Structures are given as structure tokens and as C-alpha cells.
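Visitor: Here's the feature list from Swiss-Prot:
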- His677: chlorophyll a' binding site (BINDING)
- Met685, Tyr693: chlorophyll a binding site (BINDING)
- Trp694: phylloquinone binding site (BINDING)
- 73-96: transmembrane segment (TRANSMEM)
- 159-182: transmembrane segment (TRANSMEM)
- 198-222: transmembrane segment (TRANSMEM)
- 294-312: transmembrane segment (TRANSMEM)
- 349-372: transmembrane segment (TRANSMEM)
- 388-414: transmembrane segment (TRANSMEM)
- 436-458: transmembrane segment (TRANSMEM)
- 533-551: transmembrane segment (TRANSMEM)
- 591-612: transmembrane segment (TRANSMEM)
- 666-688: transmembrane segment (TRANSMEM)
- 726-746: transmembrane segment (TRANSMEM)
Amino acid sequence: MNQILKEKEQKTAKILVDRNPVPTSFEKWGVPGHFSRSLAKGPKTTTWIWNLHADVHDFDSHTSSLEDISRKIFSAHFGQLSLIFIWLSGMYFHGARFSNYTIWLSNPSLIKPSAQIVWPIVGQEILNADLGGGSQGIQITSGFFHLWRASGITNELELYVTALGGLFMAGLMAFGGWFHYHKAAPKLEWFQNVESMLNHHLAGLLGLGSLSWAGHQIHVSLPINKLLDAGVDPKTIPLPHEFILNRELMSQLYPSFEKGLWPFFSLNWGAYSDFLTFRGGLNPITGSLWMSDIAHHHLAISVLFIVAGHMYRTNWGIGHSIKEILDAHRGPLTGSGHRGLYEALTTSWHANLAINLALFGSLSIIVAHHMYAMPPYPYISIDYPTQLSLFTHHTWIGGFCIVGASAHGAIFMIRDYVPSQHYNNVLDRLIRHRDALISHLNWVCIFLGTHSFGLYIHNDTMRALGRSQDMFSDTAIQLQPIFAQWIQSLHTLAPANTAPNALATTSYVFGGEVVAVANKIAMMPMKLGTADFMVHHIHAFTIHVTLLILLKGVLFARNSRLIPDKANLGFRFPCDGPGRGGTCQVSSWDHVFLGLFWMYNCISVVIFHFSWKMQSDVWGTVSQNSLVSHVVGGNFSQSAITINGWLRDFLWAQASQVIQSYGSSISAYGLMFLAAHFIWAFSLMFLFSGRGYWQELIESIVWAHSKLKIAPTIQPRALSITQGRAVGAAHYLLGGIATTWAFFLSRAISIG
């Protein structure tokens with residue numbers, strides 16, 4: 001009898017949510033700092049507003065309940081998605097209401113995209129450039145037009161409808177965030193059910209997501225793009241639903257549609273090769289990947305992810321258990337291996353976030369390289385300003401995510417790391433030999449720095465002395481990147497053996513022919529030489545220094561020889577109290593702060609290298625006689641081998657457009673260039689300054705106000721050391737990024 005009762009208990013469905021756990025109270029939310037007892041009392045000094053901003057999203061400081069923290073993060077994700085949908089809706093609405101999309105669609109190789117027209121109020125209509133086809137406006141470089149063309153959007157109505165769909169989804173997400181915190185909040189065990197989460201994300205989001213996108217590409221994008229490529233007027237092309245509902249319409253373009261699903265069920269999948277292809281290379285009409293290749297790709301990865309989504313053990317006792325995998329994962333030199341990591345990852349969101357940010361950041365940088373090497377959207381490869389913008393955008397995103405990974409890794413070490421859980425496992429062993437790790441990494445940084453800059457300084461000296469025959473260059477002492485060249489040739493030759501039916505190489509960056517659209521170069525083989533070898537080692541240097549700072553911040557987050565009780569001081573602290581000299585700037589937060597500057601150095605060199613290399617060796621025109629002429633005539637190989645060359649032939653020569661922009665349609669970038677320099681310089685006031693100086697100044701100003709009986713009730717206080725550094729770093733990065741933005745776009749739009 002007891003056995004039957006037990007079985008019945010097991011069969012009853014688990015209740016995975018709590019009903020109405022937190023009341024919806026606008027009265028409570030109306031109190032600034034309601035999440036903290038001390039902040040809710042209101043401000044006594046100006047420090048209050050800084051603490052309010054520092055702690056408002058630090059859910060760990062609001063409560064110690066892991067369940068409540070998990071719910072807040074989950075709810076915040078819905079809020080984030082809501083904002084993303086509003087933003088996307090705005091992009092589509094601007095495309096529908098204010099853009100020249102349909103004009104651009106008629107001639108994408110000559111007409112420039114715009115989604116904003118400036119109204120003439122104080123003469124700023126000068127910003128409306130002539131974009132071709134009788135349209136005027138501010139040129140945009142987001143790539144949305146190319147994405148819409150690839151999606152099969154042919155008119156403004158479709159953009160309006162999509163914008164409305166985005167608003168509806170934004171509302172749904174906002175409601176979801178409220179509902180899953182206030183009405184039906186998941187229990188902690190739901191958040192910790194990693195196998196179900198993996199199955200859901202792999203099979204649902206990635207698998208079915210890819211499948212639905214493949215379906216859209218096959219039924220909508222392919223036929224519409226085929227007709228557009230053939231020069232059919234967009235106004236006469238049938239609407240998407242007609243292609244979906246009318247099989248005859250599709251079979252005129254792709255004959256295999258007449259056969260329906262029979263080839264699928266009879267395993268004669270080759271019948272579908274008219275719309276699921278494996279061509280390789282680029283479409284010569286659009287300069288982008290073949291749409292049929294892209295559809296095939298999404299169909300293939302959807303199958304892989306749907307299979308992957310059935311790998312983990314949930315209800316039926318079959319499949320993998322993550323805990324079992326981690327606990328069993330032990331090598332001969334790794335002690336107790338990965339034991340303890342499952343417990344860490346199911347109780348620390350910071351640990352999860354650290355891993356995911358590192359992977360996502362790296363992926364973003366990989367995406368940046370794919371966007372130019374394998375351009376996915378029609379005509380995007382000949383829109384040079386857009387290509388430069390997208391590369392820069394994705395590398396910046398990657399850099400910030402990787403620094404964020406270090407920040408949350410350190411927070412995990414301080415707040416969530418339980419030493420007894422990690423005895424002799426891989427993480428414990430990593431921490432125990434951190435001195436060897438950091439000192440060796442430091443040696444690598446010194447080696448890379450001295451040798452890579454040494455090569456440049458040698459070249460500058462030789463050129464200054466007129467001894468060009470003694471320089472490291474392609475025409476004197478060669479330092480050819482032989483491994484990179486070998487990989488290029490390997491990738492050029494491989495498809496003939498590994499994919500015999502492919503028509504071309506994966507990417508023309510490796511080798512092959514020049515692909516030009518409307519006489520503009522979309523992609524061509526990228527020749528690598530001594531200049532690339534040298535700047536590559538600068539990349540290696542800056543990446544390793546960034547890694548040194550960030551890794552040291554994580555590995556020494558809990559303690560060090562200097563401060564054995566660092567974990568008790570928390571994530572951010574200015575110094576280890578008075579009377580302990582030399583203990584400032586040692587908190588994990590300070591490592592993130594320093595890491596941000598090196599990340600900025602690192603990404604700047606990357607985007608400068610990309611911009612100059614593409615203008616010198618890839619971007620340009622092809623004449624009727626098949627003569628290739630590049631934007632800056634191939635000066636990279638001889639100029640990028642000296643520091644003076646970088647300053648004179650890249651920064652100074654290419655800044656001429658932004659400096660001389662006044663009185664033209666790009667004059668806003670000239671103003672932005674100056675304003676961003678100002679913001680950058682303003683940051684130095686915070687970074688080079690002592691707190692005591694400002695406190696002293698404030699007190700004399702307060703004295704003057706008191707004399708005049710106008711002293712404020714909230715006492716002014718100088719920024720703390722940490723706050724000052726945060727403000728300084730923020731303005732330094734904002735100023736630097738906006739300066740680069742103005743410099744790049746004014747240059748790219750002028751040559752584009």
C-alpha cells in the first residue's frame with residue numbers, strides 16, 4: 001500500500017512555480033532606493049545618488065535568497081528582450097516611414113541607404129546628402145537594408161507590419177517579466193534543472209529557431225531574391241504569402257517543388273538540390289553568399305541542434321547527466337578533475353555569466369571576421385562604410401563582453417566560491433599554481449611587447465637614416481607570415497578534395513578570383529606580408545596584456561601575499577584601510593578598470609589594421625580591362641611597417657575627411673570628432689586626480705554658499721576613489737569610441 005502511495009506521489013506533476021509571491025506596488029517602487037534599507041532613507045550626502053546607481057542592479061545586495069535573485073534575473077531578461085523588440089521595431093518603422101529603401105532596392109549598387117532626413121530648422125539640412133535616385137538624407141551604415149533585401153522585404157507595408165509585430169512582442173515580453181515575478185514565479189529547482197534548460201535552448205531556441213529561419217529563407221527569401229537578382233521590378237514581385245500558398249508559383253522558379261514532400265520521405269534528398277545547394281563562394285550578382293547555400297546551412301544546423309536537444313536526461317531516464325559528466329571528467333594530471341563545478345554552476349549566476357560572456361565575446365569577434373570574409377547579405381560587401389561599421393561594432397562588443405567575463409568571474413570568486421567544494425579540482429589547482437601562471441604570462445607580455453615594438457622602432461630608425469635596405473619589409477629583410485599563408489593556400493585548395501561538388505572556395509580571402517559587383521570589389525584574396533606579421537604581433541601583445549590583467553584579477557580575487565583577507569573586503573575597495581601603504585588599486589574591480597583600458601588599446605589596433613588593410617589591399621574598383629585599383633593603392637605593405645607610417649599615412653592622411661568636413665553633408669562627424677576628443681580629455685581630469693584635492697575644493701565652495709545662506713541640505717561630497725575611476729573610464733571609452741566612429745565614418749562615406 002505504501003509503495004503504491006509513493007508511486008502516486010511521484011506521478012503527480014511537480015509544482016514549479018509560486019503563485020503571487022511578490023505584490024505589485026507602485027507605491028513601493030516610487031521610493032528611490034526601495035531595494036535597500038539605507039538608500040530608502042533618502043540622501044544626506046551626494047554619495048547617495050552614486051550608491052543608488054551602483055547597487056540598483058546588484059541583486060546580490062538586495063537579498064541573500066538565491067531563488068529571489070534568480071527570479072529577478074529571469075524577469076530582467078524579459079525586460080531586456082522588451083527593449084530589444086522596441087529598438088528593432090523603431091528600426092523597421094524608420095525604414096518604413098523615413099527611408100529610401102524602395103529606391104535603394106531598385107539599384108543597390110549605386111544608391112546609398114538612408115533612414116533619416118534632417119528638417120531645416122537652423123540650417124542643418126546641409127546634412128542631407130545626395131544619395132542617388134533622387135533621394136536625400138543621412139547615410140546609414142547599419143546593414144539593415146541588406147538584411148531586409150535578404151529577408152525578401154520588397155515594400156514599406158511589410159516594414160510597417162514587422163514594426164507593429166515588434167511592438168506587440170515588446171509588450172508581450174514586458175508582461176512576461178511582470179507575470180513571472182509577481183504572478184507565477186519559478187522555483188529555484190526550475191532554474192537549477194540544467195538538463196531541461198539545455199534541451200529547451202538547444203532543440204527549441206537554436207534548433208527550431210534555425211529550422212523556422214530555413215523555412216522562411218526557402219519559401220520567401222529564395223524566390224524573391226531570385227527574381228530581384230534577375231532584375232524584376234520589386235513592385236511586380238508576388239507577396240510572401242503568395243509564394244507560401246501557391247506551389248505552382250514556386251515550381252516555376254524551383255522545379256523540385258512540384259514533387260512536394262515525396263523526395264523527403266523516400267530519402268531522395270538530392271531532388272531538392274535546386275534550392276538547397278553547396279556552391280561555395282559568392283553570388284556574382286550580389287557579392288554575397290548564395291541564398292540557397294545559406295538556407296541549406298540553416299536546415300543542416302537545425303537538424304544538428306534538434307538532435308543535440310535530445311541528449312540530456314530529463315523525464316525518461318535516458319541521456320546524459322551534466323553532473324555525472326563533470327564528476328567523471330578527470331585527467332591523469334588534474335586531481336579530482338571537474339568535481340564540484342556542477343554545484344558551483346548551479347548556485348552561482350556570476351560563474352555562468354563569466355563563462356557565457358567569454359564565449360559570447362569571442363563569438364562576436366569571430367562574427368566580425370565572417371561579415372567581410374563571407375558577406376551574408378546582398379550588396380553588403382560593396383557598401384564599404386557598412387562593412388567597416390559592422391566589423392568595428394562586433395569587435396567592440398566582443399572586447400566589452402570578455403572584460404565582463406573577468407568581472408563576473410572575480411565576483412564569483414569573492415561572493416560564491418566555497419573552498420571546501422573545490423578541494424583539488426581543476427579550479428583549485430588553477431588557483432594554487434596562479435603564481436606560475438601569472439609570472440609566465442607576464443614574461444610572455446614583456447617578450448611580445450619588446451620584440452614587436454622593437455621591430456617597428458628598428459624600421460623607424462632605419463628609414464630615418466635612409467637605410468631602407470636594412471628594414472624589415474617585403475622588399476628588404478622579409479618576415480613573411482608563412483603559417484598564415486599556408487592556412488590560406490590550404491583553404492583555397494581544400495574544397496576540391498573535401499567538397500568536390502562545391503564551385504568555389506569557402507571565402508575568397510584565402511585565395512581565388514576577384515569578385516566585383518558594378519565594378520566595385522566585393523571580395524578578393526588578401527595578400528599577407530611583413531606588415532601583417534608585425535601588426536599581428538602587436539595584436540598578440542595587447543591581447544596577452546589584457547588577459548594578464550583580467551586573469552590576475554580573477555585568480556587573486558580572494559587573497560594574495562599582500563592582502564591575505566581580500567575576500568572580506570569585497571569586489572571593489574580603494575585600499576586596505578589606512579596605515580597599509582601600497583595596497584591601493586588591488587581590488588578585482590580595479591583589475592576590470594585597468595583591463596578596460598588595455599581592451600581599448602587592443603581593439604583600436606585591430607580596427608585600425610582592418611580599416612587600412614581593406615582600403616589598401618581589398619576595397620577598390622575593377623576597370624573594363626580588368627585592372628584592379630585599390631582605395632589607397634596598396635600602401636599598407638610599405639607604410640604600416642613603421643610607427644611614423646601609421647601616424648602619417650593612416651591616422652593623419654585618412655583624418656583629412658573628418659577635419660575638412662565643415663560645410664558638407666558629413667560636417668556632423670567633424671563636430672562629433674571634436675566633441676568626442678573633449679569627452680576623452682575630460683576623462684583625464686578624473687583619472688589623474690586625487691580625491692582630497694576635490695574634497696578640499698568642495699569645502700571651500702560650500703563655505704562660500706553658507707556665507708550667502710544658500711547652502712544645500714544635501715551635503716556635497718567628492719567622488720570616492722572608485723567612483724572617480726569609474727567616471728573617468730566611462731568618459732575615456734565613450735570619448736575614444738565616438739572619436740573613432742567619427743573618423744571611420746567620415747572617411748568611409750567619402751570613399752564609399
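Here the Cβ of each residue, glycine as well, is placed from N, Cα and C on the backbone.
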Visitor: Distance check, please: Cα of Trp694 (phylloquinone binding site) against Cα of His677 (chlorophyll a' binding site), rounded to an integer number of angstrom.
Guide: 24
Visitor: Six or more residues beyond either end and a Cβ under 8 Å away: which residues meet both conditions relative to the transmembrane segment (294-312)?
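Guide: The answer is 194-196, 198-204, 206-211, 213-214, 217-218, 221-222, 275-278, 319-322, 376.
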Visitor: If you measure Met685 (chlorophyll a binding site) to His677 (chlorophyll a' binding site) at Cα, how many Å is it?
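Guide: It is 13 Å, counting Cα to Cα.
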Visitor: Using a Cβ-Cβ cut-off of under 8 Å, list the residues of the same chain that are 6+ residues beyond the ends of the transmembrane segment (388-414) and lie near it.
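Guide: Distal contacts: 141-143, 344, 348, 350-351, 353-358, 360-365, 367-369, 371-372, 546, 550-551, 553-554, 557-558, 567, 570-571, 588-589, 591-592, 595-596, 599-600, 602-603, 606-607, 610-611, 614, 737, 740-741, 744-745, 748.
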Visitor: Which of the three DSSP states, helix, strand or coil, fits Tyr693 (chlorophyll a binding site)?
Guide: helix
Visitor: If H, G and I count as helix, E and B as strand, and all else as coil, what does DSSP give for His677 (chlorophyll a' binding site)?
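Guide: In three-state terms, His677 (chlorophyll a' binding site) counts as helix.
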Visitor: Round to a whole number and give the Cα-to-Cα distance in Å for the pair His677 (chlorophyll a' binding site) and Tyr693 (chlorophyll a binding site).
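Guide: Checking the Cα atoms of His677 (chlorophyll a' binding site) and Tyr693 (chlorophyll a binding site) gives a distance of 25 Å.
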Visitor: Six or more residues out from either end of the transmembrane segment (726-746), which same-chain residues have a Cβ under 8 Å from its Cβ atoms?
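Guide: Sequence-remote neighbours of the transmembrane segment (726-746) are 141, 385, 388-389, 392, 396, 593, 596-597, 600, 604, 607, 611, 654-655, 657-658, 661, 666, 669-670, 672-673, 675-687, 719.
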Visitor: Validating a neighbour-count step here. Other CB atoms within 10 A of the CB of Trp694 (phylloquinone binding site): how many?
Guide: 17
Visitor: Counting other CB atoms within 10 A of each CB, which of the binding-site residues His677, Met685, Tyr693 comes out lowest?
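Guide: Counting other Cβ atoms within 10 Å of each of the binding-site residues His677, Met685, Tyr693, the minimum falls on Tyr693.
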Visitor: Between the transmembrane segment (591-612) and the transmembrane segment (533-551), are there at least three Cβ pairs closer than 8 Å, leaving out pairs fewer than 6 positions apart?
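Guide: They are in contact.
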Visitor: Same chain only, please: residues at least 6 beyond the ends of the transmembrane segment (666-688) with a C-beta under 8 Å from a C-beta of the stretch. Say none if there are none.
Guide: 126-127, 129, 138, 657-660, 719, 724-725, 727-732, 734-739, 741-743, 745-746, 749-750
